[in-house]
Amino acid sequence: MSEGFGNGQQEGAAAAAAAAAAAAAGQLVVDDNLLGHGGDTNEYQWAYGTIMDSSRVSTCLISMLLIVYGSFRSLNMEQEQREKEKKRQSESMNNLLTGEPVQQEQNKFATLDTMHALCLPLGASISLLVMFFFFDSMQMLFAVCTAIIATVALAFLLLPMCQYIIRPCTDGNRISFGVCGRFTAAELFSFSLAVSIVCIWVLTGHWLLMDAMGMGLCVAFIAFVRLPSLKVSTLLLTGLLIYDVFWVFFSSYIFSTNVMVKVATRPADNPVGIVARKLNLGGIVKEPPKLNLPGKLVFPSIHNSGHFSMLGLGDIVMPGLLLCFVLRYDAYKKSQSTQTAETGVPPPKGVGSKLTYFHCSLLGYFLGLLTATVSSEVFKAAQPALLYLVPFTLLPLLTMAYLKGDLRRMWSEPFIIQQASKQLEV
């Protein structure tokens, strides 16, 4: 599920499986043409300049912004759904009196359980092996599935902007498209933009468009997938850490090559070129560029031409799910303290503290990225980013929850409403 974090020549990209969230495999690729340096002063200057390179700073900032934005958007969606549920309950009472049918709205979110957390690393390994052995024969399928999923995710990312633009020009009514459903003008506008971006990416293969598609995948995954408890979060992240470390460090002993590197650096043929060759249009249609499928975010360096900083989508999404969980818990705990304060009960320990669980985890994520960057320069080799991101996000969170007395509750049933009546008894 994870891809490495590092600096390297961007010659190819990982192929994405049909489910964008399921198992995108990746790897840090370190450039072999390292700058020479001599003397302590030059060495420190070289190290500082490498770590503070514009591409690395951009990668770090963008990944954190995606996690923050995806988490808050997920929280807003949950609050909107809760308000709709309250409104529906009040309407259902009236409908029971009048005899009208009660409409049920389907849950938007997909919640992972313990079995999902245990099976996900295994599924990611199977997807990685499929891409490793059968990439040449299935790259057309990989490219088409990736384009479709990225289009939907990118439309979701662009929707708020489109709603802001379209709002003065529309009344917000939905337009019916038969069996396809009913959509607002903003949703149609965002989908049209997403299709245009994906089509331009297929024709040009530009890295910026690939990054836009990857950002959409990250935000959509963080917003719609839920971790129900700290127990599931710990199992999921620990399993993915083992998966990442195994395929980066030990796969070469079994397959005589680093599977992660092989998959991450393998270029994908452009579907347009494949179709043109099958129709014998090679002399008419210009050969399109090979595609870097959006399994990672890449940012070019301003100072070093041809160099990129690269971070896999799994290294954003998986810790992002944890941060989304703790943000929801912070909001839930705050709402519970507000309700108990109205009854005269003092707030629980830790409520009102400026340092929330979300702040703690976000700071840990930043430190994990920084450590992964330093490690890639120190060891001059591929580094699995989750090896650093998981401990730096999970361990401070567990420690903070233990100190605040929330660990037991967060571990099993963090969102079960506790009654305050027993506390009011004398």
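Glycine is no exception: its Cβ is also placed from the backbone N, Cα and C atoms.
Per TrEMBL, the feature transmembrane segment maps to 12-30 (among others).
The annotation transmembrane segment is assigned in TrEMBL to 50-72 (among others).
Taken from TrEMBL, the feature transmembrane segment covers 117-135 (among others).
What TrEMBL lists as transmembrane segment is 141-162 (among others).
Positions annotated as transmembrane segment by TrEMBL: 183-203 (among others).
The transmembrane segment annotation in TrEMBL covers 209-227 (among others).
According to TrEMBL, the transmembrane segment annotation covers 234-255 (among others).
Positions annotated as transmembrane segment by TrEMBL: 308-327 (among others).
The annotation transmembrane segment is assigned in TrEMBL to 355-373 (among others). Sequence-distant contacts of the transmembrane segment (355-373) (same chain, six or more residues past either end, CB-CB distance under 8 Å): 4-6, 51, 56, 60, 63-64, 67-68, 71, 311, 319, 322-323, 326-327, 329-330, 383, 385, 387-397, 400-401.
Below 8 angstroms of C-beta separation, residues 1-5, 28, 230, 233-234, 237-238, 240-241, 244-245, 311-312, 314-315, 318-319, 322-323, 326, 357, 360-361, 363-365, 367-369, 371-372, 375, 410 of the same chain, each at least six residues beyond the ends of the transmembrane segment (385-403), sit close to that stretch. According to TrEMBL, the feature transmembrane segment maps to 385-403 (among others).
Residues 15-20, 73, 131, 135, 186-187, 189-191, 193-195, 197-198, 202, 212-217, 219-221, 223, 268-271, 291, 293-294 of the same chain lie 6 or more positions beyond the ends of the transmembrane segment (141-162) yet place their CB under 8 Å from a CB of it. Between the transmembrane segment (308-327) and the stretches 50-72, 183-203, 209-227, Cβ pairs under 8 Å are most numerous for 50-72.
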